[in-house]
Amino acid sequence: MGTLFCPHASRALSLLRRPADIIRTYEQLPKSYRDHEGLAFRRKDLQEWEAKGIFGPDMSADEANRLLRILHGRRVAGTLQDPAFAVHTARYSPQQMGTALAYLRKTVPVDETINAGLRAEDELDLLEQAEKQRKQPAASLATKGAQDAESSQEVYKPDPVYGRSAFDEMRARNVARQKAKAKALKEEAQAAGPAGPVAPVEYKERVPTNATVRNYYEKAQSDLEAPPEMSAWQRILPSAVTVLLALGFMGAVCMVYEEPMPRYRLFKDISASHATVAAIMAVNALVYLGWRIPPLWSLFNRYMIFVVATVKPVSLFTAAFSHMSAGHLLANMIPLWLVGPRLHDELGRARFVTLYVGCGALGFLGSLVVYSLRAGGLVVSSLGASGATLGLVSAYLWEHRLGGFRLFGLPQDGVHGIVFLAMLVASQVGMALTRARFRIDVASHLTGMAAGIAGMELMSRTGGNGRGGSSRVVDGMLAERRRRSDGETRDR
């Protein structure tokens, strides 16, 4: 956002860069260095055939380049033997780590001993500074306060005998200017903090200033300092069983559900499809407004957001109705309103609601599986109806995969639904291959789409359009009433 990118300029810079520009010493380590990102170990990443030649056929080029970047960064940062960062390379075997180190030591010489020593010195200096600050007596603080008070007073006082002196006044102004400059430089240095990768970074969270709101905010926070210790399947299995049982129950309801007669409906002038879709949208809107009510924060943080580390099975269903931003809400509700009524007319109310809830729940279940098995995925949280909405859109396009869709009457023969479905899948796969995957839950999108297609195919094979017998009777009565009305109009 707000960053300009010039492809020709960046390409020119990459062509001018030489292997000598590769960072090799601890002093050159940038402040933006992070262990999981590593450092560039050569001008261009390894190609697929190069990775196979170094590591064998079991490692892809992307995984090989990632491992080499991380290990080269550790060689420069002096953290090669630090167990605190082992989580970022836990997926690699000791043999792969040894092969990568041997390749780096052969192609990119780095004095690992000196870099590790410099890092140790920086860490020792930080510890000593922290110890001095902790032991600083209160008396020194009082003395410092008195000195600051004196320096803040007027630096020039006129001589009581000879009166004001222009020379003394000028000198006083210069002294005051120098003190102000020195104070500004000192404050800037303190704000910058110590340089290097071991400098402590303090994260300042925005806390509400209102006392009442701050109280609700603090109550809504979790007291967990680390994710609970459990295996991936201990996280996945309870939620998977809950989702399957709930969808099985909803499927049984679909088999016996009969849509109400028109005289029993609350809004008789609105079609059943639009009423159902509007009700789902209203629930999403109410939850969005609920996030603006501080007393609800604690409840919503527990049940209206999907968190991988502390997953609650019910949140796989409720998170599909939860949005925190208006843009996210509109992005999901607009396609729901455009496609939902059409799909509802083909499936009926029970099956439509089951498909919506199922796509949302299975989408978050897919995210739970992916992020529970991925290193560092326990910190992921997600919410929104994207999986459910994309599932409904995919189901509709799959059902009409051979039908022709036209926009403003063009093209004449229409475009097959399977083409739009392929474009939709390609857009999600494209996001999964870019940095957008770090802020968008692509796993739930793709799983929800797969669930929508599978659910639509299952419903088509087992129950036709899925509408109950009384619904067909109602449709017949309405059709007969229209025919009578048309006949009376022609007689007149």
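Don't overthink the numbers, they just go from 1 along the chain as shown.
Note that Cβ sites are derived from N, Cα and C of the backbone, with glycine treated the same way.
Now, the feature entries from TrEMBL:
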- 478-492: compositional bias 'Basic and acidic residues' (COMPBIAS)
- 315-454: domain 'Peptidase S54 rhomboid' (DOMAIN)
- 131-160: region 'Disordered' (REGION)
- 462-492: region 'Disordered' (REGION)
- 236-258: transmembrane segment (TRANSMEM)
- 270-291: transmembrane segment (TRANSMEM)
- 303-330: transmembrane segment (TRANSMEM)
- 350-371: transmembrane segment (TRANSMEM)
- 378-398: transmembrane segment (TRANSMEM)
- 418-436: transmembrane segment (TRANSMEM)
The transmembrane segment (236-258) vs the transmembrane segment (350-371): 3 or more CB pairs under 8 Å: yes
Interface-richest range of 270-291, 350-371, 378-398, 418-436 toward the transmembrane segment (303-330), CB pairs under 8 Å: 378-398
Across the domain 'Peptidase S54 rhomboid' (315-454), average pLDDT on the 0 to 100 scale: 89
Long-range Cβ neighbours of the transmembrane segment (270-291) (under 8 Å; 6 or more residues past either end): 259, 297, 300, 304, 321-324, 326, 329, 332-333, 336-337, 340-342, 344-345, 349, 352-353, 356, 385
Three-state composition of the domain 'Peptidase S54 rhomboid' (315-454), taking helix and strand from DSSP: 104 helix, 13 strand, 23 coil
